[in-house]
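These notes concern the structure reproduced below.
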Amino acid sequence: MSKKAPAQKKLPRAAAWYEIDMQKGVFRFKNKLCPKCGSVMAFHREPVPRWHCGKCGFTQFQR
């Protein structure tokens, strides 16, 4: 029997988190930061569009 190598985790690329402007040399964060605790907020579409902080539980609903 051959043993399988453990699966390696793929790390997210920086391009997924940042908008990069090569002409100006600027990196801008794509997601919002939580106004309460300062961590990164996630955008959820279902059941209603909203930004949610997983750390402190703050939720901001879209209009």
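One-based numbering along the chain as shown.
Cβ coordinates come from backbone N, Cα and C, glycine included.
Fair warning: this is a prediction, and the values are worked out from it, not measured in the lab.
As annotated by Swiss-Prot, Zn(2+) binding site applies to CYS34, CYS37, CYS53, CYS56, with the evidence given as sequence analysis. Here Swiss-Prot flags 34-56 as zinc finger, drawing on sequence analysis.
Residue environment of CYS56 (Zn(2+) binding site) contains 13 other Cβ atoms, counted within 10 Å of its Cβ in all protein chains.
Between the binding-site residues CYS34, CYS37, CYS53, the minimum number of other C-beta atoms within 10 Å of a residue's C-beta occurs at CYS37. Mean pLDDT across the zinc finger (34-56) comes to 93 in this model. In sequence order, PRO35, LYS36, GLY38, SER39, MET41, GLY54, LYS55, GLY57, PHE58 are the residues of the same chain, not among CYS34, CYS37, CYS53, CYS56, whose CB sits within 8 A of the CB centroid for the Zn(2+) site.
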